[in-house]
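A.B. asks: I am attaching a structure below and will ask some questions about it afterwards.
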Amino acid sequence: RHVRNGAVIARCSQPEISWWGWRNADDEYLVTSIAKACALNPGVKVSGGMQHNGSSDGSEACDADFDSSLTACSGVENAGTPQKLLILDARSYTAAVANRAKGGGCECEEYYPNCEVVFMGMANIHSIRNSFQYLRAVCSQVPDPSNWLSALENTKWLQHLSVMLKAAVLVSSAVDREGRPVLVHCSDGWDRTPQIVALAKILLDPYYRTMEGFQVLVESDWLDFGHKFGDRCGHQEKVEDQNEQCPVFLQWLDAVHQLLKQFPCLFEFNEAFLVKLVQHTYSCLYGTFLGNSPCEREMHNIYKRTCSVWSLLRAGNKNFHNLLYMPGSEQVLHPVCHVRALHVWTAVYLPASSPHPLGQDEMDIYLPPGSQSQEFSGRCLDRLPKTRSMDDLLSACDSSSPLTRTSSDPNLNNHCQEVRVGLEARHTTAEGAEPYMGEG
């Protein structure tokens, strides 16, 4: 909920229209009531963006008065004309209509007054899975392939990220600039819907760009709303359908990484934070992403039998803190969503060619001013082995033991001593010999 204009971001699944064009009066009333409620309680004029706790100063009103005001037309007129509700369907129009065969469908604007339906055309999990498999195949090729750019374009991975970012920007612009409430859904509401909603919250509210806020965002919009981590990541013991696997959460983290690249000073966490989160999404070392829903995690007692990944990615861990972070910024992010502005996440997809982020042990050698020079020099000598000019410095630093000299690389001091001894012996022999006088 936006504090200044009272606009909200709501989420749901697709309506059950089917081929028969069924209508549900309760659904229609609920959707239209979102815009009316925002008009009745337009928020307060305070500094800041979104209100991350979901409450406002006007939330203490009586529930009975609020419900009665929704049904009374005079109450709506006195509060002002409601803004047109934006219903953002993550699917394409063709895919939404095709879902009628399964009992789903999309909203008809004739049945939902004061609503606008927009289709984003985001790909389904099967297309995303194929795109990710192509991306992995391209990244596993020999180094420096001649067709790298064309092969990367054929994966369509960056194109999918671009569409996701455009959908999130559309939601954030409608809420922040136009003051319009937004309702987001896809088919089931647990794949593309959390991608758009969670990304829009990061754009709007600087709280979700902190380490604490990012944890709250993942817990609420992904875990509590029932994203099927077990099926999508392949964690389940008995996987009945391999087609259920899809890197939905990884794709969203990649989009967050794109935002971090474009706004390096507006995130409290760094890239290593996101990389660790990707790794432990699939490592199963923590119980945070096990199961398909909170009900399954509660049923298997996951919360008590396992550790949370947030114990590692805590705010006090300096390895994941962004040194460029400016905590006082209230800026709403407006990223560039074009494909040419996006980059391959080399730290995840090409870790061998990606610069290794400094850990705490590597950062210890950079002491602050005023530290003892002897301690610094001794620590440097221990970490940096001696190498020859033709050796590879990276492989030499990775070696556990320093390089030793070989017969082909002799010690110059010993060599000079041997030459000196030979010269002295020759000079002594020349002095002790008698001069040659010739025959006779």
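Glycine too: its Cβ is placed from the backbone N, Cα and C atoms.
All TrEMBL annotations are machine predictions without curation.
Pulled the feature table from TrEMBL, pasting it below:
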DOMAIN    1-349  domain 'Myotubularin phosphatase'
BINDING   N99, R100, A101, K102, N124, I125, C186, S187, D188, G189, W190, D191, R192  substrate binding site
DOMAIN    155-199  domain 'Tyrosine specific protein phosphatases'
ACT_SITE  C186  active site, phosphocysteine intermediate
A.B. asks: Cβ under 8 Å, sequence separation of at least 6 from the ends of the domain 'Tyrosine specific protein phosphatases' (155-199): give me the contacting residues as numbers and ranges.
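C.D. replies: Distant Cβ neighbours of the domain 'Tyrosine specific protein phosphatases' (155-199) are 2, 5-14, 31, 34-35, 38, 42, 49-50, 83-91, 99, 104, 118, 120-125, 127-128, 131-132, 134-135, 138, 208, 217-218, 221-222, 225-228, 232, 246, 248, 251-252, 254-256, 258-259, 332-335, 337-339, 342, 344.
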A.B. asks: In Å, how long is the longest CA to CA span across N99, R100, A101, K102, N124, I125, C186, S187, D188, G189, W190, D191, R192, which the record gives as the substrate binders?
C.D. replies: 20
A.B. asks: Could you tell me which three-state DSSP class C186 (substrate binding site) falls into?
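C.D. replies: C186 (substrate binding site) sits in coil per DSSP, no helix or strand.
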A.B. asks: Please list, for the domain 'Tyrosine specific protein phosphatases' (155-199), how many residues fall into helix, strand and coil according to DSSP.
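C.D. replies: Breakdown, helix to coil: 29 helix, 4 strand, 12 coil.
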A.B. asks: Counting Cβ atoms within 10 Å of each candidate's own Cβ, which of the binding-site residues N99, N124 comes out highest?
C.D. replies: N99
A.B. asks: Looking only at the domain 'Myotubularin phosphatase' (1-349), report the model's average pLDDT.
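C.D. replies: For the domain 'Myotubularin phosphatase' (1-349), the model's average pLDDT rounds to 86.
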A.B. asks: Counting only residues 6+ apart in the same chain, whose Cβ is under 8 Å from the Cβ of W190 (substrate binding site)?
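C.D. replies: Listed in sequence order, they are F225, G226, H227, K228.
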A.B. asks: Would you mind checking how many other C-beta atoms are within 10 angstroms of the C-beta on D188 (substrate binding site)?
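C.D. replies: Around the Cβ of D188 (substrate binding site), 14 other Cβ atoms lie within 10 Å.
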